[in-house]
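Here's what Swiss-Prot has on this protein:
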BINDING   35, 36, 37, 38, 39, 40, 41, 42  ATP binding site
DOMAIN    2-233  domain 'ABC transporter'
């Protein structure tokens, strides 16, 4: 439906914001571009919209090349962070403005606006000016203006950034329901990984102008392609610990387990990734046990964040575990177990070691520790 081929965007100051991006988006898909500020995600979006000229590459929409066409001719509608509503116009006139410019007759405009207003539940606001609306109401009007055009493609440029946390959560749900109902292909830009995980059919993680990983929310969460993706997707961020592997034996904090899939691999410097929510306080089978020296406990209500250091590591690497809300003391030693299937291994360049299945047996030293 939308095909981006070797997209490059270099600005006049020489900064290359987008570096040869290739991306294919299917009809009706909801794609979220996510990454830190300055990673190039907004440049990709603005290039699709035609708000930025591209340096090289091609953009095809429904089989038609559009990168050499004016924005108005691309059949794309965009929703901005700042709503981009005309303050002197009523909500109705804001919704009708684009249709009037295209020469659509008044009766058709009225019918389209009535349908969109009902869908977005903004019927009672049609006579109001934007200044009389809340942030969430303005964002719904901005979405309505895009929907009423009946475009082939929706583009969302961080549309929820100006809203408070509660309203963001509500609007996320509204956008997802609306996109499912309309079935319009959508590309959404955000720096918020929660928005990415909850909204996307597929997530595109962008780093320094290049695509780091494309996958479903589950794929990006459970099989991050790199330490960058692993640290960006998931909250709290993944823990990273120094480890080594020798002929399949994984060594970490004085303990080791055998990974038969890696029996031909040896490296003195690898990174072991553990998600905070995968640290169990109860012994698990086919798991590795580590001990945490507690530094800080942050109560969150139903659970808590336990910050500390892994005992046995030479480095002073911080470690966070998400646990049930139980009484814990600073400098208490807390045993934690992590299922081997939930360990993530990365090489010295931060790239993921890929394997289809893990089956580890622990050494007697680890086993004896677990029995204490």
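Backbone N, Cα and C atoms are what each Cβ position is placed from, and that goes for glycine too.
As a whole-number mean, the pLDDT of the domain 'ABC transporter' (2-233) in this prediction is 94.
A simple way to gauge crowding: the CB of residue 36 (ATP binding site) has 12 other CB atoms within 10 angstroms, across all the protein chains here. Reduced to three states, the DSSP call for residue 42 (ATP binding site) is helix.
Taking the mean position of the Cβ atoms of 35, 36, 37, 38, 39, 40, 41, 42 as the ATP site, the remaining residues of that chain whose Cβ falls within 8 Å of it are 191, 206. Within the same chain, residues at least six positions away from residue 39 (ATP binding site) with a Cβ under 8 Å of its Cβ are 206, 207, 208, 209. One residue stands out among the binding-site residues 37, 42 for having the most other Cβ atoms within 10 Å of its Cβ: 42.
The binding-site residues examined here are 35, 38, 40; by Cβ neighbour count within 10 Å, the least packed of them is 38. The Cβ of residue 41 (ATP binding site) lies under 8 Å from the Cβ of 33, 34, 35, 189, 191, 206, each of which sits 6+ residues away along the same chain.
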